[in-house]
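Here is the structure we will look at, set down as structure tokens.
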Amino acid sequence: MPKGNKQLYLNIIDFLPDATFVVNREGKVIAWNRAIEGMTEVKKEDIVGKGDFAYSLPFYGKRRPALVDLIGVYDAEIARQYNYVQKKGNTLYAEIFVPQLYRGRGAYLWVTAAPLYDSAGSLAGAIECVRDITANKELEKELNQHRHRLEELVAERTRELATANEQLQKEINERRRMEKILRESENNLRDKVNYQKTLIENLNELFLTYDTRGVITFTNNKCTEILGYSAEELIGRSVLESIPDHYKEQISQEIFQKRLQEGTASSYETEIIHKNGSIRYLKLNSTPIKMNGRITGGMVLAEDITEQKRVELEMARLERLRIVGELAATIGHEVRNPLASVRGFLQLLRDKKDCQNYKRYYDLMIEELDRANAIITDFLALAKNKRVEKEMQNINSLLLNHYPLLQADGLKGNKQIVLELGTVPDLLLDAKEMRQLIINLVRNGLEAMSAGGRMVIRTTLEKGEVVLAIQDDGCGIDPDAMDKLGTPFFTTKDNGTGLGLAVCYSIVARHNAYLTVDSGPGGTTFAVRFKLSH
């Protein structure tokens, strides 16, 4: 039995209203609940783990077999020590008077014993429940005395007999009422256990427990939803298996030092790896689990803040673009005009006869000026207030118009580009900016792919948004670079300017849309999500 389930059952036994103890196959006590502590004045820590009929000492003053010892092997000698023993299925019921209880006052006990089985169906031990029925016995004795007295006086005490019968009925009703209360109490206990289990299973936060080795022992429904694995796949795995490598040392210290050694709780944020390879962000609270003063594991309650992180990163990225855009709008034209003059004079000099020996140098300078001009063009595209000319048109039509150009780019590197166009409504779009957005995203993906790779360009309508997704099968983006995507002048390419994705983010922002990135070892998907135009 998993340790977490075993502890849950021990906790349930501990709160049972009847005095209860459990023994294993060796006859050693493994559970001794609060009710039996109160009945026998023997503490749990003084008896758990003991065998040799130690559980009989508080009741009979000596070591002797109890009803629990009849489980599996019926012994007539043991049975004769009880007033009677009845068996229904695998459960034994018995009644006995115990003079040693309550410091010699004695008590009548109703005893129930049943076997316990492990997951393989083998006998693992037995449980015995003891209920003090002394009050019921005294009530029965009193009823018998009433009945005997009524029988003696029946002939001459008719009126008194009616009164006594009425009193007797009241007592019977009271007894029934008490039995009903007891049944309701037992039902309430079962309902509370089921309620707690249902509550944990349906929490809107991830909940899991782990043992002293850091192995997961329990998960709720939200945990399987966030991680993408079933409960069966998660239980038995190390909690570190879903943690990215750059977080493993920190999380290992949190679990094995702070939680399992020092016994301290803490709150922090971390990343986890979904079954599909994507990264999710969690804000979690982690506390140790203590049983009898000993740390037996830990528990985690975590909130999925992936969407919150995405929004924060997007806001930070837009702020960077806003600053760069303002700078671009201020100095872009001032730089471009002098460059145009320099280019014109270089062309004049290159065409002079006496400068023909230097033509290749002039061509190189003009080529570099054109490259600088292209960078300034991209730089100016970052401007927030750049004029755009939007009109209602369909993103699918734009893709089909540019598909031959995209296909040609792919064929250069022996890479395939496939269109999967769904039915989507028209949007208010700037055709030139959409062309630049599509070409930039596609060329970024192609550069990440190996020869023979396959790119899919897909359009769909999802939750009131038109989605343009460009999916490559490259090696994915370095997790350390994910937060910097779209930052002007940040690039991982040798000859890159770091403006391509920044321009894409600016175009997306000017179309009141947003861009998401999902990357893993199997490739990257850039998804532009447009709100429907009204």
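Glycine residues also receive a Cβ, built from the backbone N, Cα and C atoms like all the rest.
As recorded in TrEMBL, the features of this protein are as follows:
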- 136-188: coiled coil (COILED)
- 5-50: domain 'PAS' (DOMAIN)
- 95-145: domain 'PAC' (DOMAIN)
- 192-263: domain 'PAS' (DOMAIN)
- 266-317: domain 'PAC' (DOMAIN)
- 330-534: domain 'Histidine kinase' (DOMAIN)
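Averaged over the coiled coil (136-188), the predicted model reaches a pLDDT of 84. Look at the domain 'PAS' (5-50): DSSP puts its residues at 20 helix, 10 strand, 16 coil. With DSSP states grouped into helix (H, G, I), strand (E, B) and coil, the domain 'PAC' (266-317) comes out at 12 helix, 32 strand, 8 coil. DSSP assignment over the domain 'PAC' (95-145) gives 12 helix, 25 strand, 14 coil. According to DSSP, the secondary structure content of the domain 'PAS' (192-263) in residues is 40 helix, 12 strand, 20 coil.
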